[in-house]
Amino acid sequence: MESYLFPFDSLICMLLGISFTVWFTLLLVFIIVPAIFGVSFGIRRLYMKSLIKLFEWATLRMDNGETLKRSLPPTSYLQHHHNPPVSLEQEIHEMRRGGAEPEFDMSDIFYFCRRGVESIVDDEVTKRFTAEELESWNLLTRSNYNFHHISTRLTALWGVGVLIRYGFLLPLRVTLAFTGVGLLVVLTSIVGLFPNGRMKNYLSDKVHLMCYRICVRSLTAIITYHDSENKPKNGGICVANHTSPIDVIILASDGCYAMVGQVHGGLMGVIQRAMVKACPHIWFERSEVKDRHLVAKRLSDHVADTSKLPILIFPEGTCINNTSVMMFKKGSFEIGCTVYPVAIKYDPRFGDAFWNSSTFGMVNYLLHMMSSWAIVCSVWYLPPMSRMEGEDAVQFANRVKAAIARKGGLADLLWDGGLKRGKVKEVFKEEQQKLYSKVLVGSSEDRSRS
């Protein structure tokens, strides 16, 4: 009996061998080799254009069926149609209808009640920590659970999309991710054996660029870089808005940076130890992270050496959902070096890059990313900026943040991204109390003069 099955076993083994050979040959020729030389065959952009036409057809089918009725206005409408800002003093004056202005009026309570209700109904903070709303369906159930039930054709198309994404794209992307990370660990460890000098720096740059470009291709990332003449240079700090952990490889696939972060264990720790052998990245122990003076000194020492790569920092300190830029921590703006702002804007139609760490773990998040259609984004390099005379670190940080928000088409918010997990700080409450006190004091002074 075994003699009859033997030819079939040999045939299966031969077919598997041919399949793996073809698979890795295609990876080598069309993905890994182009990543080494930094070239592209244009396959991903052709793929993106095909997806756009597919999404337009799906949207047209939904519009013709008139089965989807959106009760909320589009996200873009909400972002660009706010009422013009009015000062607290003006609003209270209007509420008192221009009458006498005593030190305190019971009607003032209604102003604060109304503002509180408005903040609850249209909370501009917490909605920055949820996925961005789409105006049309991208054939992913995670973007809307009801869209794929609209018609039989759309349901069939969604099913074909599932097979393509999980049967072909996901295995391909996982293979590329392991290839990129594996090469990064092995090659940076080898480069670390070279003596410090130009040759080591050159090899380190090439290895990092090659491996990050392979990792970018593992997400089918289609990136458009603008104003490359403003790319960060040695002796400076690159600051960017933060949407996802992949922001790092998005930027590092176009230029080399020194990373800043906390020392980790496990696989991340292995990668960190290998990277620091080839390039002077800045890793902090858990006990050192809260020591602001130590952190500032190590950053200052790094940027003082113009032979070292620019530092990459995300001053928001947390991921925001690609609709706004929130408060920048002032630490990286106290050093006194040149700051190179970078704006990153993702296209949510192809896949949502936002990482809601309160909902998804890293593994689950990466699975969502690798099973999406693609990651499409634009990167703008802004002109370098420095602190002006008489400008403190907070003002400088706000000026840089405003420039990034303006370039990326994002909302500029003053709120701290730490509100994702923490409560509102007392200082924000005190600011409102001070504003109201100024109104009362101003009213009393006006009456005393009269």
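Just so you know, the numbers here start at 1 and follow the chain as drawn.
Here the Cβ of each residue, glycine as well, is placed from N, Cα and C on the backbone.
Please treat TrEMBL annotations as automatic predictions, because they have not gone through curation.
These features come from TrEMBL:
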TRANSMEM  20-43  transmembrane segment
TRANSMEM  150-168  transmembrane segment
TRANSMEM  174-194  transmembrane segment
DOMAIN    236-347  domain 'Phospholipid/glycerol acyltransferase'
TRANSMEM  365-382  transmembrane segment
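The listed stretches are 150-168, 174-194, 365-382; of these, 174-194 has the most Cβ pairs under 8 Å to the transmembrane segment (20-43). Mean pLDDT for the domain 'Phospholipid/glycerol acyltransferase' (236-347) in this predicted model: 85. Counting residues of the domain 'Phospholipid/glycerol acyltransferase' (236-347) by DSSP class, helix then strand then coil, yields 35 helix, 28 strand, 49 coil.
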